[in-house]
Amino acid sequence: MEALFDLPTTEPAAPRRQSGSAALLDDLNDQQRRAVEHIGSPLLVVAGAGSGKTRVLTRRIAYLLGERNVHPGQVMAITFTNKAAAEMKERVADLVGRRANAMWVSTFHSMCVRVLRREAKTLGMTSSFSIYDADDSRRLITLVARDLDLDPKRYPARTLSIHISNLKNELIGPEQASSAAANDLERRVAEVYVEYQSRLRQANAMDFDDLIMRTVELLQGFPDVAEYYHRRFRHVLVDEYQDTNHAQYTLVRELVGRGTDGLPPAELCVVGDADQSIYAFRGATIRNIVEFERDYPNATTVMLEQNYRSTQTILNAANAVISRNPDRRDKRLWTALGDGEKIVAYVGDNEHDEASFVAREIDQLVDAGIANNCDVAVFYRTNNQSRVFEEIFIRMGLPYKVVGGVRFYERREVRDALAYLRVLANPEDTVSLRRILNVPRRGIGDRAEACVSTHADRERISFAAALNDAAVGKVALLNPRSQRAIAGFVELIDGLRRFVDDGQDVAEILDAVLDQTGYRAELEASDDPQDASRLENLTELVTVAREFTEAPADEPPPDAVDSATVGPEAGSLAAFLERVSLVADADQVPDPDDESGGMVTLMTLHTAKGLEYPVVFSTGWEDGIFPHMRALSDPTELAEERRLAYVGITRARERLYLSRAIVRSAWGQPMTNPASRFFDEIPADLIDWRRMGPDRSSPSRATTWGSRATGAGRAGLRPAPSKGWQDTAALTLDVGDRVNHDKYGLGTVVATDGTGPRATATIDFGTAGTIRLMLIGSVPLVKL
């Protein structure tokens, strides 16, 4: 493949060492120091789990400012969460002082918002544009699909939304999508995409994918704008580079430049680990980090393999699992922290037994003073696995916090209140306007809304302008009652907008919204306990708004070259809405020191990325659960599942538990799954088996399903067929077939379903009940 960029390899002379250099470098290992001091050519830092990448990034930035005399306004550092950005900026400020405020340290989306607000006129927009999140986007797509008479069952908004998002992540615009459509689905997606983008423009809004796509369009289509940012940012640093998608990759490329505008490319440093690339389902492209040296042939690569987090036993397990992935850069994590405790493994009879073991073990660790609840995390592959842990934890009185449920800013009442604020900030925000039109109820029904929408389409005006027409009787077929209700709504919004025009702070505006709309009064008058909870959430939102207003703004020092910073005024309503719009999932994870500190944390393996806990329970280690069923017949997806296992294992600092269930409920039926193949990949001497399988009443039977020659499977967690067993991957069962199962005994097949890795058989085992089995791997079953 031809190199995308052939950046000059000539390195400038090393800077004069100053007295602060020792403080920046003395506690770094040799490889970390190399990464911090590197000058000139593009730099790839391959940072293994727990290898101190945040320290390297922050020290490199501080070294640029303190030792190479780079102006902080020339530094752009990009992360994936606001939390990581804030931590990085704080650490650099601790090292170099207040001038760190002049840097741009933010997420991809936050950075793009700053650029787009400054350049909005170039794109034909105003700088007060709204930012639509996934829910807003789906609402608008629902309206578009309905107006295009698409069958919602055949073309659900969620499916259309995913396809449009994927197109944007590949930087494919609506016109290009239309011309390339090759089948009915693609043609319908393109049709919706064209109208969706048109309505976003009418609403002066962008969705999350637009923020990156439009910034790329800006830098590629307007050379003078691109040159401005090339001159401005001479040092670009990107964290978690393995998680970038094609659009983000292209954005980085455009920010760095090719040197074609008379300026040498910016100095690029990316940090990441291909072994932790686990977001392919979000469009992340592992190719971006794997082929970095091909894109930048003069790049320097620094490997960080010393781990400062976990024991060597945990790292040996992680190394063993990830080493099975093909075509990966060889890397072995090591630590000076010692071997530590063995990994504890447990096989439960069912998911309740598994969850009970986890709860008992946590109780014992806390009682023994080994850990506090806040030191413990429980991981699972999918969100639905949390239910049984919650039931058991509640029964045992174990305090817990589930990360990844309905997040604060996604709760209905919070979204309603924010929709009012967004309409006040951007009157053309159609999605927010239609959301609050009859919330709380004010007598504007679906028919009245449809009349207004039809009028807007016919007159080719915005929905907001159509509402103004309706208020003065200019909309046909609108009954007098609805007209009066709409007139009252328009008057209400105009009255609330005066609070904004008068410069009231966000908390006062929000209070006025909740009072004058009757939203707060309606909840206060309700006897529904859920409404009391909703009222508490709105009170919390007011508190958030007040804290935002009172928080000191990050003011750059007087000498900062920050003329590019054009956006909402600090503390303004627009700034508040931008802040809450850009809150990422990972920013919701509780810190051990906050009010959730006394709680066990439950989360998916994907959510756990970037976190660490002294004690980790990784559950559901069964083929079909983890690795996920769809990965069992797809080598690419299986490799990603293995990377997910690597991420989960390396979250543990001191103690790691791995568990599975022999029988697990699925689709309302009990199902047996083979032990996860990842157990086989962990050396047997690293694991302490607390329980290997169900007790057997017959002495002639082993306490496990079989044995293996290598790996943890020797303890029987992933069974090999014993004498007479058949490999169920190749087993064909028909209704009426008789079978013998090692645990359930004789049975009759009563139903079959699916093919390949999705093949299942429902078998009547008499007194043992009717059980649905997945026919993957080696289930202890023989056809008679």
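Even glycines carry a Cβ here, placed using N, Cα and C.
Annotation comment: TrEMBL describes 1-21 (among others) as region 'Disordered'.
According to TrEMBL, the domain 'UvrD-like helicase ATP-binding' annotation covers 26-311. Across all of the domain 'UvrD-like helicase ATP-binding' (26-311), the predicted model scores a mean pLDDT of 95.
Long-range neighbours of Ser51 (ATP binding site) (same chain, six or more residues apart, CB within less than 8 Å of its CB): Leu304, Glu305, Gln306, Asn307, Tyr308, Leu333. The ATP binding site annotation in TrEMBL covers Ala47, Gly48, Ala49, Gly50, Ser51, Gly52, Lys53, Thr54.
TrEMBL lists 312-610 with the feature domain 'UvrD-like helicase C-terminal'.
Residues or ranges marked as region 'Disordered' by TrEMBL: 691-723 (among others).
Long-range Cβ contacts of Gly52 (ATP binding site) within its own chain (separation 6+, distance under 8 Å): Leu28, Gln32, Leu304, Gln306, Tyr308.
Looking only at other Cβ atoms within 10 Å, the busiest spot among the binding-site residues Gly48, Gly50 turns out to be Gly48. Cβ neighbour count for Ala49 (ATP binding site): 25 (other Cβ atoms within 10 Å of its Cβ, all protein chains included). Following the DSSP three-state reduction, the secondary structure of Ala47 (ATP binding site) is strand.
Per-site Cβ counts within 10 Å over the binding-site residues Lys53, Thr54 peak at Lys53. Under 8 Å, Cβ to Cβ, and six or more positions away along its own chain, Ala47 (ATP binding site) finds Lys53, Val56, Val271, Gly272, Asp273, Leu304.
In sequence order, Val56, Asp273, Leu304, Asn307, Tyr308, Arg309 are the residues of the same chain, not among Ala47, Gly48, Ala49, Gly50, Ser51, Gly52, Lys53, Thr54, whose CB sits within 8 A of the CB centroid for the ATP site.
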